[in-house]
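For reference, the structure discussed in these notes is given below.
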Amino acid sequence: MNQASTRFIFVTGGVVSSLGKGLAAASIGALLQARGFKICLRKLDPYLNIDPGTMSPIQHGEVFVTDDGAETDLDLGHYERFTGVKTTKNDNITTGKVYHNLLKKERRGDYLGQTVQIIPHVTDLINSFILHDTDKLDFVICEIGGTVGDIESQPFLESIRQIGYKLSKNNTIFVHLTLVPYIDAAMELKTKPTQHSVKELSSVGIQPDIILYRSKIPLSKEQRDKIANLCNVSSTNIIPALDVKNIYELPISYHNYNLDTQILNHFNIDSPEPDLRKWENILNISHAVTKTVNVAIIGKYIKLLDAYKSLIEALEHASIHNKVKLSIKWIDSRSLDSNEINIFDKVDSILIPGGFGDDGIQGKMTAITYARLNKIPFLGICMGMQLAIIEFANNVAHLEDANSTEFNLYCKNPVIHQLPELQQNFLGGSMKLGSCPCYLESGSKIFSIYQQSIIHERRRHRYAFNLQYKDLLEQHGLIFTGKSNNNNDSLIEVIELKDHPWFIGVQFHPEFKSSPFHSHPLFISFIKASLD
């Protein structure tokens with residue numbers, strides 16, 4: 001590592017979780033990038049899972065898939081969308097992965113009879129992850145998951161403390177995000193939680209250089225001075241992380257409160273002002289729209305909308321591109337039946353996202369049937385495409401008991417089946433993952449959307465269309481317009497309906513490649529069709 005040129009920014013959080021550390025880290029990256037610096041962002045997650053791939057979306061939220069096939073925390077999606085820098089498997093690590101690698105090294109004899117301990121062996125592995133391949137970067141922004149004080153976070157905090165000591169203040173800065181709650185009854189902001197959070201962080205040897213406080217309103221000068229005195233942080237480095245209506249307001253908001261300026265001052269770096277015109281343009285468009293598009297999303301994880309974070313953002317990007325306001329009607333697939341189709345009366349389009357398991361399948365099928373019969377724009381993603389095939393096989397091709405072996409292993413017509421190479425005893429890491437090529441049929445709607453014959457999209461699935469049913473379904477009007485290669489045994493990646501204005505299913509996850517500045521063409525077309 002070129003210690004003279006690479007600076008490390010560590011972002012920690014206190015008081016409560018879900019304050020927006022990932023968005024703060026992404027905003028810092030975007031602001032430094034707007035000044036011309038080369039950056040990367042990394043995430044340390046303290047849970048014992050090797051990755052979030054087998055975790056419930058209701059507990060953890062979305063699993064974000066990188067180009068190289070890593071199943072990662074949803075914050076990596078924020079990193080990519082805010083900066084355009086593609087993340088990799090080297091940008092997210094968990095306690096589980098650290099221990100997994102540690103025990104493999106121990107079994108190989110790499111430690112030569114040493115007593116393997118948290119310090120130095122675990123912390124050394126964490127340090128290696130943070131420092132790996134950073135010598136050509138100006139800044140590495142590293143977010144530490146969880147909350148200061150959690151027992152799971154201790155090895156990670158010790159690791160960044162060590163890096164801060166070894167590289168000195170000239171090359172490291174600690175940014176701590178806390179909560180300053182507003183008590184309605186007292187009509188005042190309370191700083192005590194922030195004081196205790198900084199005290200907790202200081203107890204492990206880390207003195208924050210900047211405090212970001214999450215709040216509805218800014219603190220007064222007197223309140224900032226109080227925190228500065230009690231937390232040993234300059235009052236100019238106590239910066240608000242205010243609630244915003246649109247997350248893409250955050251970089252400009254942080255810049256207006258001098259966050260990037262104070263970071264550069266810490267490192268004694270002179271820099272031109274950031275070019276934030278693209279961020280201003282996005283906000284100007286989103287604030288000026290008057291027309292609304294209504295999209296119905298039918299899913300089973302809607303109790304935690306973070307389960308669909310990239311999907312929501314991709315629809316927002318496409319709506320901004322089409323200069324309309326997005327309104328999402330969330331429908332729980334487990335409570336939807338064929339007698340409630342009036343729920344779709346005021347929607348412009350229907351979307352079925354990815355998912356797992358048979359819970360709520362009938363509700364999704366009801367929505368697909370409605371979209372097909374009423375010529376409403378429909379987009380099915382991953383399982384959404386598979387269910388569209390099952391619905392078509394049953395109701396149009398009249399195949400008896402057409403289903404997926406994921407839902408019924410012994411169905412008569414398994415139009416969706418598990419890929420043979422993925423039939424393993426382990427669930428974790430046992431899917432087709434990451435960016436793969438997809439060959440599009442010339443003259444198809446999907447080709448007209450992408451305007452190219454070969455695309456690359458990210459996948460996350462272990463079930464696929466059974467090619468034995470291809471000819472039969474084609475005879476009834478289902479069109480297969482995208483495949484994984486040009487061979488006869490290629491996986492089906494895209495389907496369309498012959499007699500429908502806009503009905504597309506994709507096996508891949510296009511939402512992972514959308515950004516506010518490069519809205520995904522498939523979502524642009526979907527929103528446009530919703531307006532027609």
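Residue numbers in this text run from 1 along the chain shown.
Every residue, even glycine, has its Cβ placed from backbone N, Cα and C.
Per Swiss-Prot, the features are as follows:
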ACT_SITE  Cys382  active site, nucleophile
ACT_SITE  His509  active site
ACT_SITE  Glu511  active site
BINDING   Ser17, Asp150, Ile151, Glu152, Lys190, Thr191, Lys192, Pro193, Thr194, Gln195, Lys226  CTP binding site
BINDING   Ser17, Lys190, Thr191, Lys192, Pro193, Thr194, Gln195, Lys226  UTP binding site
BINDING   Ser18, Leu19, Gly20, Lys21, Gly22, Leu23, Asp75  ATP binding site
BINDING   Asp75, Glu143  Mg(2+) binding site
BINDING   Gly355, Met383, Gly384, Met385, Gln386, Glu406, Arg462  L-glutamine binding site
DOMAIN    294-532  domain 'Glutamine amidotransferase type-1'
REGION    1-269  region 'Amidoligase domain'
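Annotated features taken from Swiss-Prot, shown on the structure.
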{"residue": "Lys21", "record": "ATP binding site", "DSSP (3 states)": "helix"}
{"residue": "Ile151", "record": "CTP binding site", "DSSP (3 states)": "helix"}
{"residue": "Thr194", "record": "CTP binding site", "DSSP (3 states)": "helix"}
{"residue": "Gly355", "record": "L-glutamine binding site", "DSSP (3 states)": "coil"}
{"residue": "Met383", "record": "L-glutamine binding site", "DSSP (3 states)": "helix"}
{"residue": "Arg462", "record": "L-glutamine binding site", "DSSP (3 states)": "coil"}
{"residue": "Glu511", "record": "active site", "DSSP (3 states)": "helix"}
Pop the Cα-Cα gap between Lys192 (CTP binding site) and His509 (active site) into the table, whole Å please.
-> 44
Distance from Leu19 (ATP binding site) back to Lys192 (CTP binding site), taken between C-alpha atoms, in Å = 17
Can you figure out which of Ile151, Lys190, Thr191 (the binding-site residues) comes closest in space to Gln386 (L-glutamine binding site), comparing Cα atoms?
-> Ile151
Quick one: pull the CA-CA distance for Glu143 (Mg(2+) binding site) versus Gly22 (ATP binding site), whole Å only.
-> 7
To the nearest whole angstrom, state the Cα distance for the pair Gly20 (ATP binding site) and Thr194 (CTP binding site).
-> 15
Which has the fewest other CB atoms in a 10 Å radius around its CB: Asp75, Glu143, Glu406, Glu511, the listed recorded positions?
-> Glu406
How many Å separate the Cα atoms of Ser18 (ATP binding site) and Thr194 (CTP binding site)?
-> 15
Can you check what DSSP calls Glu143 (Mg(2+) binding site), collapsed to helix, strand or coil?
-> strand
Show, in sequence order, which residues other than Gly355, Met383, Gly384, Met385, Gln386, Glu406, Arg462 on the same chain lie with their Cβ within 8 Å of the centre of the Cβ atoms of the L-glutamine site.
-> Gly354, Phe356, Cys382, Leu387, Ser404, Ile416, His461, Tyr463
Cα proximity to Cys382 (active site, nucleophile), best match among recorded positions Ser17, Lys21, Leu23, Glu406, Glu511 = Glu511
Name, in the order they occur in the sequence, the residues of the same chain whose CB lies under 8 A from the CB of Met383 (L-glutamine binding site) and which sit 6 or more residues away.
-> Ile352, Pro353, Gly354, Gly355, Phe356, His461, Tyr463
Taking Ser17, Lys190, Thr191, Lys192, Pro193, Thr194, Gln195, Lys226 as the record's UTP-binding set, what's the max Cα pairwise distance in Å, rounded to a whole number?
-> 24
Pairwise C-alpha maximum, in angstrom, for the residues (Ser18, Leu19, Gly20, Lys21, Gly22, Leu23, Asp75) that bind ATP according to the record | 12
